[in-house]
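Step one of this worksheet: look at the structure below.
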Amino acid sequence: MAEVFVGPVAQGYASGEVTVLLASPRSFCAGVERAIETVKRVLDVAEGPVYVRKQIVHNTVVVAELRDRGAVFVEDLDEIPDPPPPGAVVVFSAHGVSPAVRAGADERGLQVVDATCPLVAKVHAEAARFAARGDTVVFIGHAGHEETEGTLGVAPRSTLLVQTPADVAALNLPEGTQLSYLTQTTLALDETADVIDALRARFPTLGQPPSEDICYATTNRQRALQSMVGECDVVLVIGSCNSSNSRRLVELAQRSGTPAYLIDGPDDIEPEWLSSVSTIGVTAGASAPPRLVGQVIDALRGYASITVVERSIATETVRFGLPKQVRAQ
């Protein structure tokens, strides 16, 4: 059933009621929930400072809240005192780390709790398996993203990074090279398919992962938005600017011809975006807290009488167990 919120009608809105189409699924995925809960539990039980390497998930609100609870975010392990303070713990982020980072933590005697998303860990295992059998691994991902850096580090001498079909065309490999591909878990489905098609066209014996690498949450959020974007005059995507899956949602809407904006929360909404619209699409990336959706809806009802209609394409029931160090006894 649609929810109707009544507020003052803002100048510039289309006359009459404005419809807000709310994509579902949206907001937190299982890997993000696991990572955040891991940090919270470590903070509850640690006897020393709790360091988190990189942002635990790519969301400014989440990071700020955990920092307020005492988490110390560092970009690299060398920011942690050596020797580490008594009882110190370092948490690896949901995006995963390379074996070299793990080795560095071991060498320094750091107590580690690994919050790597199990679906990212699956990609790492596949990279190791492909490389071990002698394949050159082609990883489809975004340069500089933490997940990409971690995966490339699994088998650095055997792994190549590509982002576009043009990158595939530029590959210069010896005759007879056996290739297998893997993908970052947060990519756009359609763009990734174009790169995979280019790889298969050029390398007919291309190996592939036993199951899809793009995670269920990324897929569901993109398909949910795709199901309604054609009806929207504008789309608001709740997520931080360094969130890969949130940025892919913005790009999906824009490729469909609909103006779309990435916002951290309601304060980022610009009134001119909503001028003369009758239908607003709202979704949230997998690292954006669900409560921000409610805050954005509340902000929108300050502009007009709105009817909120949820468009659901799937029900998510995936849950991941916590790292053994923080499981309830």
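Count begins at 1; order follows the chain as displayed.
Note: Cβ is positioned from N, Cα and C throughout, glycine not excepted.
If you look up Swiss-Prot, you'll see Glu147 marked as active site, proton donor. Per Swiss-Prot, [4Fe-4S] cluster binding site is recorded for Cys29, Cys117, Cys215. Positions annotated as dimethylallyl diphosphate binding site by Swiss-Prot, on the basis of sequence analysis: His58, His95, His145, Ser243, Ser244, Asn245, Ser287. What Swiss-Prot lists as isopentenyl diphosphate binding site is His58, His95, His145, Ser243, Ser244, Asn245, Ser287. If you look up Swiss-Prot, you'll see His58, His95, His145, Thr185, Ser243, Ser244, Asn245, Ser287 marked as (2E)-4-hydroxy-3-methylbut-2-enyl diphosphate binding site, on the strength of sequence analysis.
Locations of recorded Swiss-Prot features on the structure.
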| residue | record | Cβ neighbours (10 Å) |
| --- | --- | --- |
| Cys29 | [4Fe-4S] cluster binding site | 29 |
| His95 | dimethylallyl diphosphate binding site | 28 |
| His145 | dimethylallyl diphosphate binding site | 17 |
| Glu147 | active site, proton donor | 25 |
| Thr185 | (2E)-4-hydroxy-3-methylbut-2-enyl diphosphate binding site | 28 |
| Cys215 | [4Fe-4S] cluster binding site | 26 |
| Ser243 | dimethylallyl diphosphate binding site | 26 |
| Ser244 | dimethylallyl diphosphate binding site | 24 |
| Asn245 | dimethylallyl diphosphate binding site | 26 |
| Ser287 | dimethylallyl diphosphate binding site | 32 |
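Look at Thr185 ((2E)-4-hydroxy-3-methylbut-2-enyl diphosphate binding site): DSSP puts it in coil. Cys117 ([4Fe-4S] cluster binding site) has a Cβ environment of 26 other Cβ atoms inside 10 Å. The DSSP secondary structure for Cys117 ([4Fe-4S] cluster binding site) is coil.
DSSP assigns Glu147 (active site, proton donor) to a helix in the three-state reduction. Compute the center of the Cβ atoms of His58, His95, His145, Ser243, Ser244, Asn245, Ser287, which mark the site for dimethylallyl diphosphate; besides them, the chain residues with Cβ within 8 Å of that center are Val57, Glu146, Glu147, Thr186, Asn242, Ser246, Gly285, Ala286. If you take the Cα of His58 (dimethylallyl diphosphate binding site) and the Cα of Glu147 (active site, proton donor), they are about 11 angstrom apart, rounded to a whole number. The Cβ of His58 (dimethylallyl diphosphate binding site) has 29 other Cβ atoms within 10 Å, all protein chains considered. Considering only the recorded positions Cys29, Cys117, Glu147, Thr185, Cys215, the residues lying within 10 A of Ser287 (dimethylallyl diphosphate binding site) on a C-alpha to C-alpha basis are Cys29. Looking only at the binding-site residues Cys29, Thr185, Cys215, Ser243, Asn245, the one with its C-alpha closest to the residue listed as 'active site, proton donor' is Thr185. Sequence-ordered, the extra residues of this chain that approach the [4Fe-4S] cluster site, with Cβ no more than 8 Å from the Cβ center of Cys29, Cys117, Cys215, are Ala30, Gly31, Val32, Ala94, Leu119, Val120, Thr185, Thr186, Tyr216, Ala217, Thr218, Ala286.
Taking His95, His145, Ser243, Ser244 as the binding-site residues under consideration, the smallest Cα distance to Cys117 ([4Fe-4S] cluster binding site) is found for His95. Maximum intra-site Cα distance, dimethylallyl diphosphate binding residues His58, His95, His145, Ser243, Ser244, Asn245, Ser287: 15 Å.
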